[in-house]
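Listed features, source TrEMBL:
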{"type": "COMPBIAS", "residues": "22-34", "note": "compositional bias 'Basic and acidic residues'"}
{"type": "REGION", "residues": "1-37", "note": "region 'Disordered'"}
{"type": "TRANSMEM", "residues": "120-143", "note": "transmembrane segment"}
{"type": "TRANSMEM", "residues": "180-205", "note": "transmembrane segment"}
{"type": "TRANSMEM", "residues": "226-246", "note": "transmembrane segment"}
{"type": "TRANSMEM", "residues": "258-276", "note": "transmembrane segment"}
{"type": "TRANSMEM", "residues": "350-370", "note": "transmembrane segment"}
{"type": "TRANSMEM", "residues": "399-418", "note": "transmembrane segment"}
{"type": "TRANSMEM", "residues": "480-503", "note": "transmembrane segment"}
{"type": "TRANSMEM", "residues": "509-528", "note": "transmembrane segment"}
{"type": "TRANSMEM", "residues": "549-574", "note": "transmembrane segment"}
{"type": "TRANSMEM", "residues": "594-618", "note": "transmembrane segment"}
Amino acid sequence: MDPIDSNSSFRRRNEPQFQEHQVQRHADKHHDSYPQDAVIERASIAEESQHSDDNYRTSMDEDIKARIEEARQNRDILLQDHSPRIAKLGIFSTGCLLVNRMIGTGIFEKPKTIWMSTETAAGALFMWVLGGLISYAGMAVYLELGLTIPRYLVHGRWQSVPRSGGEKNYLEYIFKTPKFLATCTYAVIFIFLGNTSGNGIVFATNFLQIIRYPEVVNISDHKTGWIIKGIAAAVVTVACLLHATWRAGGIWIQNSFAIMKIMILWFFIIAGLAAYSGKIGNVMAPGVDLDVTNSFKASEAFTQHYRPNEWITTLLDVSFSFGGFESANYVLSEVKDPARRLKWSTMGSLTLVFVSYILTNISFMTVVSAKRLMSQSDSTISTVFINTLFEGSDNAKRALPALIAVSAFGNISVATFMTSKVKQEIAKEGVLPFSSFWRSEYHTPFSKLFSRKGHVRPHHRQGTPVYPTIPEERTPMPALLLHWLTSLILILSPPAASGYLLFSRLYSYMTQAWFGIFLGGGLLYVGYFKQYVSDYNGGSYQWKNIAGFRPYFGPLIPAFYFLSSLFMVVGAWVPPQNGHYLAYSSIKWFVIPTIGAGLFAVGVVYWFGLVKVLPIFYHKRLRVRRTPYLDRDENFRFEEVTTQWIAGAEESDDEEDPDLIS
């Protein structure tokens, strides 16, 4: 096979062997950005990979070996290994990833404000169900896009090559022009919002509550606020160090925390059921607000304190609690056989979380009445729940902050793993300063420690010791550093008392609402309204013929996701009667949508400087080519990312033709 270059690629296009072993060019990117001066470590690619059971053997011909060796010597090229030596996420680990991301602190912090905003138990439960349905629609949209883009014609049939990055890939495909605009705008938004500052503050608050019990932590106090910020910065640092030094350990911890979170929710569910039956606690009139005669009536306890009704804010709160259903798309390159396994792990985990959320809210409302909730207005509903069932028990009251802290740390861990991968993908596009540094990967210390044969017990075959293959560990340490820096800045910037609310609603507003509009509307247009979709090579095809996933009800799913997202975006600009967000007068109603609009504006300005202004002074542009390598079984093995600052006119936006490793 010829080495990959423009001349040989052009020469082979009309050869029969090329048509059999190669794929059509796919419209994607030749990006322009800053000249790269940072020295990056090349992905070390072994020349041959072999499982110990001999069921999987792959060899590379001399041309591919030469191309890989050339890539290792070129500082403009990143060669990323996706071979079987790299441990992948199976169905269980992928499901745990979503469970761990979705179940954070929202289910403990948000039910009270949602109930107060709707003023009725039925209204609150309706909002939780609606949020779940929106999440199912969003999941279907992400599955269809993630299992279809990027696309290649391999041996006469369309095939998707999995790529991490989530919305970045889909926005770049839907909004191809103006060139770089989608990439730059998404980079600004995600680098700013894709952090763990909000959950870090929640963890720190509950951790401090455990230490100071029975004293109540006053987060508004200046000194206490800085203590909380210090603890939050420390826990974010621990999570970053964990994923930077021990990839397998970080995944194992994520799986463990996912199981613990499900157990915590079902503890509340079973405790509520036991209280309703009179087995524990001394609950007066359990479930009074869930009674049919009362559940649709506005509670006087709420209307005495708050003016009605901020349903948009409520929907944002629910969306934040369900946020994370798209997490697997952020790390799609890390998922094992996503074409067959992804839909089962994602839909199964979302169903588990959805059922657990509804039953947990019912359990809260069974034990805690509206009047009792407002009598302890400074406490969350989970705190009132524990105080009601275990009144007088100091151990129970101390345990609740510990449970919330556990949930928050699990969310911090999985968000760190996930967002660092996305930031690495953004850096691969060359739109960040020193992109070649931020996109690089390095071997972890544990990988070097356990890869030595002395640490592995061999099995013997015909008297000969055979050592099993040790999965390699490479982590995006520079991207983790970038994640740590942005999280640290946002932890230290706003007051601790309003930090969690600000980041949670802003994240929901941008990722669930705005991106929902772009992705839902874009898929509706590309996949259903536009009869044929054209690529940069002049070819055309029907989306339904290449889609890796098609949901039931066809266009109704992306249409519902688009309209619900549009409702949240537009409604956020409607002021409430009291001029503040409900129950949080420290943040004005217009702050969230204004910051969101400002992030879009910054992204556009950044794009203009990158594409229009910088080439005027530098007289060059950056071309980014991403070339996947497939083995003879059409499995994704390597990806070559070439970043070059070149002179000359702008070329058409193609990706390199994928090579098949024979």
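Using N, Cα and C of the backbone, Cβ positions are placed for all residues, glycine too.
By the Cβ criterion (distance under 8 Å, sequence gap of 6 or more), the transmembrane segment (594-618) is not counted as touching the transmembrane segment (226-246), fewer than 3 such pairs being found. Residues of the same chain lying 6 or more positions beyond the ends of the transmembrane segment (509-528) and with a Cβ under 8 Å from any Cβ of it are 134, 137-138, 141-142, 144-145, 167, 170-171, 174-175, 189, 193, 316, 319-320, 323, 326, 543-544, 547, 554-555, 558-566, 568-569, 572, 592-593, 596, 599. Touching of the transmembrane segment (258-276) and the transmembrane segment (549-574) is ruled out by the presence of fewer than three CB pairs under 8 A, sequence neighbours closer than 6 excluded.
Between the transmembrane segment (350-370) and the transmembrane segment (480-503), fewer than three CB pairs separated by 6 or more residues in sequence fall under 8 Å, so the two stretches do not touch. Using a cut-off of 8 Å between Cβ atoms, the transmembrane segment (180-205) and the transmembrane segment (120-143) share fewer than three residue pairs, counting only pairs 6 or more apart in sequence. Sequence-distant neighbours of the transmembrane segment (480-503) (same chain, 6+ residues past either end, Cβ-Cβ under 8 Å): 105, 109, 191-202, 204-205, 219-220, 224-226, 228-229, 232-233, 236-237, 240, 243-244, 416, 419-420, 423, 438, 581, 584, 586-587, 591-592.
Between the transmembrane segment (226-246) and the stretches 120-143, 399-418, 549-574, the greatest number of Cβ pairs separated by less than 8 Å involves 399-418.
Tertiary proximity for the transmembrane segment (399-418) is limited to same-chain residues at least six positions away from its ends with a CB under 8 Å from its CB atoms, namely 97, 100-101, 103-105, 108, 194-196, 199-200, 202-203, 206-207, 209-210, 213, 235-236, 239-240, 242-243, 250-251, 253-254, 257-258, 260-261, 264, 324, 327, 330-331, 382-383, 386, 480, 483.
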